[in-house]
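Enquirer: According to TrEMBL, the protein carries these features:
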BINDING   Lys105, Gln168, Gly207, Asp238, Lys384  UTP binding site
BINDING   His208  substrate binding site
Amino acid sequence: MATATLSPVDAEKLSNLQSSVSSLDQISENEKSGFINLVARYLSGEAQHIEWSKIQTPTDEVVVPYDTLAHVPEDAAETKKLLDKLVVLKLNGGLGYTMGCTGPKSVIEVRNGLTFLDLIVIQIETLNAKYGCNVPLLLMNSFNTHDDTSKIVKKYAKSNIEIHTIKQLTTSGVFLRKVKYPRMVVEDLILLPCKGNTGKDGWYPPGHGDLFPSLMNSGKLDALLSEGKEYVFVANSDNLGAVVDLKILNHLINNKNEYCMEVTPKTLADVKGGTLISYEGKVQLLEIAQVPDQHVNEFKSIEKFKIFNTNNLWVNLKAIKRLRGNRCTEDGDYPESQRYHLSLLIKVDGVKVLQLETDAGAAIRFFNHAIGINVPRSRFLPVKATSDLLLVKSDLYTLSDGVLLRNPARANPANPSIELGPEFKKVANFLSRFKSIPSIIELDSLKVTGDVWFGAGLTLKGKVEVAASPGVMMEYGIPWCDDGIWNSLGEFL
């Protein structure tokens, strides 16, 4: 890996930033140090660029096709043995901020009055009841979501499932603290807390790269190992396709794979997603931040890099324990050489701010017999915006034991393309603008612009575009529309 040095201008920026960070009493010295380290790497333009000529396409032994996995024997006792070695961990640190929500994203209602979290609990409850096993659920929270989630999970007290909440932690002397970093204004790299935004919006959790330290620091890792658990299945709480898969678990145990990243075929909508490569004899995650500028278009190509990371990870717990013991620094964290940064641009109160995060997927290269598995697209069904929410609420999917199943009536294997205007961005506005969710079994694409309100009992087919004239409210109540555009006057164009 090549490491660039800071220019005099950037060195001055970093020095000023260090002075500002040192005055923050809301975070520990270790957090300050970790934050400055990430900013320094960001300013250097380093992003851990790789030598492009050394990249190799992984073989089927490195990225295993899902359809080559052995079937699990249909023996309930053997299945129970498999599942008793498993724990499910959902990354639950995100707020539904971009969708107009203030609490944990996992409590957004998905369908039939059930939230993401409800569906996750039902899925695991069903496994435990069917096989008589004990698969616990861990929720890794950020400082944004921990308190709310701890209250919410009380409603599952009588469920057939153990639920544990974990704070995203770092060590600070003899204390454990929830990790948070200050957001920075893009224009001048001034910290938001130093500009007067001392509330929640001034801070952010630094990504799921702290997953392994948090498991260790919370005491959960040792507790799980003492109970005979061997693997943790990690996934985002908003990915409704990330359900426990016995074929994957069975494969990992039989082949002694310490780490597995689920990847899936890339589409034009996924061109910025990280991918797996073979590099210097090891499987490695390649993120766009690591790609030299002259190769970015090549990275985005779906011809050369055909797969991308779903962020569904399977990790051996003993291996985490070994690596944490062998590779710890004094502050209890992974050395920076083991972590990548991701730079994200968002808006807070109309101001562009920067936050730098770390990624648990980058740890793949430190585990023995690490692999990827090229899974069906159905295992990647995240809800990042209300357009995604429309898909999962619709008749495109049916619901069984907490699992969303693709409606077989849909002939096209791809999901419809949904583009909703800013009027639909917030969940509350989205829900109020649909008297009922339309049928979209035969929909190819939907584009909505302007002040549009949908009537009840609609069926959308083919390519649909609904456009309201500026300043005009339109109620779209036509029973169905095939390959057409309707304007705000109800005229078919």
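A Cβ is built for glycine as well, from the same backbone N, Cα and C atoms used for every other residue.
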Enquirer: For the binding-site residues Lys105, Gly207, Lys384, which one has the sparsest Cβ surroundings, going by other Cβ atoms within 10 Å?
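Expert: Among the binding-site residues Lys105, Gly207, Lys384, the sparsest Cβ neighbourhood within 10 Å belongs to Lys384.
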Enquirer: List every residue in the same chain as Asp238 (UTP binding site), at least 6 positions away in sequence, whose Cβ is under 8 Å from its Cβ.
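Expert: Listed in sequence order: Gly94, Lys105, Ser106, Phe116, Pro382, Val383, Lys384.
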Enquirer: Excluding near sequence neighbours, so keeping only residues 6 or more apart in the same chain, what lies with its CB under 8 A of the residue listed as 'substrate binding site'?
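Expert: Listed in sequence order: Leu91, Gly93, Met140, Val234, Glu357, Thr358, Asp359, Ala360.
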